[in-house]
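A short worksheet on the structure shown next.
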Ligand SMILES: CSC[C@@H](O)[C@@H](O)C(=O)COP(=O)(O)O
């Protein structure tokens, strides 16, 4: 991946700047985030998106929001922290990294010594640690998934689990970037990902910028492409993996997994351990974000149907564990049955 590729999140001199991903690939514009309402809106509108990136942005965002309160007595500062964290956490329900990152800051506040100002500095250090760790976790995922990318393979992916969705080289894309660096020749099929087109606007753009051979498909071309024999494996990211190995990811992932099963193509999920939620037993308990109907009625900025037509717009679906061939984390590849392998990641 080229060093000058735009980063999703920049923390500079105590300021939070987010790349507005809704304008990609045509415009690269950063917006400074200055209030809780703005941060909430940026996450909800998918200006920053992808599970790890949402967590990082929320952690920095909480620091931005708390800065004006550093003169408060410590107990009042902590009360404000809890209130603002709850508010930012309500911006999107499915990606567990959002609550995970905010919980890390809450826990720091519970244990750190000192007045509100020094507590604020500690929160900033924790947010920076979350960001730096995510960069390392992406690379770790890439190292463990690299053996899957053999010379000549075709890889299908869905949505964007790339650099734009993380603090590093992405999750599903991490082995692709490493394989490309090593001169391995492979081909990527990026599903367009209706309704918000993360596959066409983001994944195909970021892989193309890196010089990776990427072919864009509309979502309804996935079956035919698999049937043609062009796809050797699927790798997707995830917003939440739960204790039994069920996987929530962008709407359409479940269909790709069912197709992969039909054609005997391995279906892998790549994620950092921060996306694993052992407190949720199975996928039926994962909250699925329902988004505004207007996103389905539109194609890009074009109104594609009548505004009175009813729609469905779940932003995510849940792929049952039995359709997943392996879960790749920074610690290695977990094979089914997943419950014990996932628990072992957390020494349980
Ligand atoms: C490494 S990101 C993994 C997932 O967050 C990604 O696949 C995804 O579904 C993103 O959805 P989005 O709605 O764009 O935030």
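Numbering starts at 1 and runs along the chain as it is shown here.
Heads up, the Cβ atoms here are built off N, Cα and C, so glycines get one too.
For the substrate site, TrEMBL records 49, 50, 51, 198, 249, 250, and the single candidate of 2, 92, 297 listed with them is 92. Highlighted here are the recorded positions (92, 159, 198) whose C-beta falls below 6 Å from ligand 1: 159, 198, in sequence order.
Residue pair residue 250 (substrate binding site) / residue 159 (site 'Transition state stabilizer') shows a Cα separation of 6 Å.
Each residue in 46, 54, 95, 159, 160, 161, 165, 237, 239, 315, 316 lies on the same chain as 49, 50, 51, 92, 198, 249, 250 and has a C-beta within 8 Å of the C-beta centroid of that substrate site, without being one of the site residues. Of all the recorded positions listed (51, 159), 159 sits in the most crowded Cβ setting, with the most other Cβ atoms within 10 Å. Between the C-alpha atoms of residue 239 (active site, proton donor) and residue 51 (substrate binding site), the distance comes to 5 Å.
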